[in-house]
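Record features (TrEMBL):
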BINDING   B:T146, B:K168, B:T179, B:E259, B:N378, B:S383  substrate binding site
ACT_SITE  B:T179  active site, nucleophile
2 protein chains.
Amino acid sequence: MSVTAAKGFQAAGIAAGIKDSGNPDLALVVNNGPRQAAAGVFTSNRVKAAPVLWSEQVLKGGTVSAVVLNSGGANACTGPKGFQDTHATAEQVAEVLGLNAGEVAVASTGLIGVLLPMDKLLPGIGTAAAQLSEHGGEKAAIAIKTTDTVHKTAVYEGDGWTVGGMAKGAGMLAPGLATMLVVLTTDADLDADVLDRALRNATEVTFDRVDSDGCMSTNDTVLLLASGASRVAPEYPEFAQAVRTVCDDLGQQLIRDAEGASKDIKVEVVNAASEADAVEVGRSIARNNLLKCAIHGEDPNWGRVLSAIGTTSAAFEPDQLNVAINGVWVCKNGSVGEDRDQVDMRYREVRITADLAAGTESAVIWTNDLTADYVHENSAYSS
Amino acid sequence: MSVTAAKGFQAAGIAAGIKDSGNPDLALVVNNGPRQAAAGVFTSNRVKAAPVLWSEQVLKGGTVSAVVLNSGGANACTGPKGFQDTHATAEQVAEVLGLNAGEVAVASTGLIGVLLPMDKLLPGIGTAAAQLSEHGGEKAAIAIKTTDTVHKTAVYEGDGWTVGGMAKGAGMLAPGLATMLVVLTTDADLDADVLDRALRNATEVTFDRVDSDGCMSTNDTVLLLASGASRVAPEYPEFAQAVRTVCDDLGQQLIRDAEGASKDIKVEVVNAASEADAVEVGRSIARNNLLKCAIHGEDPNWGRVLSAIGTTSAAFEPDQLNVAINGVWVCKNGSVGEDRDQVDMRYREVRITADLAAGTESAVIWTNDLTADYVHENSAYSS
């Protein structure tokens with residue numbers, strides 16, 4: 001499963017000692033080909049971690065032979081030394097596996113502003129390489145966890161080909177071009193341009209629309225590697241759908257494991273004048289702390305939805321807005337609608353529908369409620 | 001004190017029964033002249049409460065004889081009936097006091113999406129009018145409280161003239177053109193144009209830069225009324241400074257009483273290319289939930305500051321950013337700076353300084369930490 005579901009890939013996950021806890025913290029994913037095509041999308045945060053700066057360069061070549069990922073440290077805001085460390089990490093992987101360092105992508109996650117313990121990371125690469133296996137996908141997925149409570153994997157089976165992937169992420173979970181660390185693999189026989197197109201189309205409507213806490217990471221990385229080992233070249237539409245399905249699945253897993261959350265909130269914006277309007281409104285609703293608290297309290301406080309919509313530049317008339325919570329239209333024409341006591345909010349999933357009555361476009365943004373547990377997790381220690 | 005510190009004003013605050021708790025919920029402020037000049041700024045939220053829509057019209061005339069304010073209900077998202085209720089409220093004040101309803105401003109605060117109990121509000125106006133007094137400022141300030149734990153008043157004494165004011169606000173506290181309900185009064189002998197200019201200049205750098213939770217109200221209203229009773233017409237610079245001083249004082253009181261907060265955070269952005277850049281960066285830092293949690297935990301987590309700066313469009317180079325927390329430069333040149341253990345965060349006020357190294361402009365945004373108490377206050381009941 002995970003990144004080793006597709007043929008042509010090996011992976012490993014080990015404890016290199018980067019984390020004080022002794023938990024797994026180093027993952028390696030290797031593409032044995034015959035092809036090493038790859039595409040990647042990275043955070044749009046202008047403060048980018050060293051591994052993002054490195055991997056962006058690597059991906060420009062469209063070829064990735066291996067990906068090394070560590071948890072226990074983001075290697076972000078670490079200056080020239082941090083970049084040297086990323087470079088040394090790629091070189092070490094290249095040396096151990098007999099590859100070109102320029103084809104080794106690097107991803108890191110953990111606390112910002114701390115240098116990685118290279119005396120532990122570099123030897124760990126050899127250990128991980130020795131454990132590479134076609135069944136190593138789960139261990140790799142486990143090794144990239146930080147505050148994640150579960151590891152996240154997903155697989156799509158095509159006709160003779162497969163797309164699989166792993167993801168980590170539980171906080172600092174918001175847009176960018178992508179969200180958190182994700183590695184997707186496929187044995188489909190496709191070139192880098194096709195991978196890039198499929199990946200961008202998929203992330204735009206999946207990871208980009210997961211907005212747990214409005215905080216954009218410095219390290220977000222999503223990679224898609226193709227080995228061609230299936231010798232099958234699927235048609236673009238089906239392949240794109242497969243990538244989107246796996247991204248959607250992993251995105252949902254991120255939301256369900258978001259730090260401290262007790263509710264998964266699906267914000268649907270419908271009848272917008274444009275998709276951009278729908279996304280802007282959805283994100284404004286998803287980021288409204290007061291609303292997120294109300295949902296936590298199982299309070300269908302639609303006034304906070306309207307208040308959030310009102311801060312956007314989307315096309316709408318205040319007296320034509322309609323809002324449903326779990327299917328009950330509690331706000332009609334910008335005013336009091338159906339009885340809010342009809343709204344059943346006992347379950348983990350809550351659906352907020354905002355009808356802008358301004359067009360035919362729509363978008364879905366996923367978010368979480370705001371809880372005392374979120375505050376605790378993010379105030380009790382540095383992460 | 002409060003709105004009756006300046007000569008020419010009377011005020012009252014009573015319990016009309018709008019709040020189930022029986023606490024004071026109706027305030028009246030009357031300008032006895034000789035002049036009734038006024039200026040106002042209102043929320044920039046596009047979903048505006050009925051009293052905001054009404055008062056915006058009233059203020060266009062530059063004359064306000066009385067202001068009626070209620071807590072216990074925002075009268076926002078209440079459709080045509082809500083607007084009729086606001087109109088009827090102004091008419092009732094006009095009738096009781098012998099004024100023109102077109103010169104009566106109305107302000108409401110409380111839960112969005114609920115009609116006001118007019119059967120209690122309208123009779124309450126007569127009761128309040130009967131209690132109007134030149135010493136009624138404190139009672140008026142108390143009657144406009146919602147989740148506020150204390151009432152907020154401020155006074156500036158000029159040479160023979162005075163500016164005084166009251167404010168309420170503890171949540172849904174963020175920009176707009178203004179923040180929350182504020183009434184300022186002065187006995188300076190100035191016309192509406194001068195009041196308008198002084199008020200806009202003041203709110204831009206005071207209430208507009210208070211951003212407790214990023215949530216913009218539908219009801220934000222700031223009014224400045226001048227009676228001319230001092231017969232003194234101060235020079236504009238001194239008067240503008242007085243208005244700014246009172247607004248700044250009230251803004252600080254709002255921050256110190258923000259829902260659930262345990263820290264007041266002063267975000268100073270310095271060496272920005274423009275003031276707009278400084279404000280954008282300051283607001284991005286002030287709205288970062290992860291950082292707000294870290295400050296709550298007394299954790300000088302500067303990585304979250306850089307991560308917030310990175311999401312803005314301001315001019316800066318990531319490797320030239322510097323960040324100080326309580327005066328300790330924990331981040332230098334985008335990387336690890338002075339020892340974070342030197343940062344003393346035991347006190348309520350925390351100062352974050354972000355140096356963009358891109359120019360000479362600066363701005364200050366005030367915010368609060370994010371706490372379990374905030375979550376509790378905003379999830380335990382509708383507000």
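Numbers here mean position along the shown chain, with the first residue as 1.
Note that Cβ sites are derived from N, Cα and C of the backbone, with glycine treated the same way.
Here the binding-site residues are B:T146, B:K168, B:E259, B:N378, and the ones sitting under 8 angstroms from chain A, going by CB atoms, are B:N378. The Cβ neighbour count for B:N378 (substrate binding site), using a 10 Å radius and every protein chain shown, is 29. According to its DSSP assignment, B:N378 (substrate binding site) is helical. Taken residue by residue with DSSP, B:E259 (substrate binding site) is part of neither helix nor strand, so it is coil.
DSSP assigns B:T146 (substrate binding site) to coil in the three-state reduction, outside any helix or strand.
DSSP assigns B:K168 (substrate binding site) to a strand in the three-state reduction. Spatially close to B:K168 (substrate binding site) yet at least six residues away along the chain are B:S71, B:T109, B:A141, B:I144, B:K145, B:T146, B:D148, B:H151, B:K152, B:M180, B:L181, B:V182, judged by Cβ distances under 8 angstroms.
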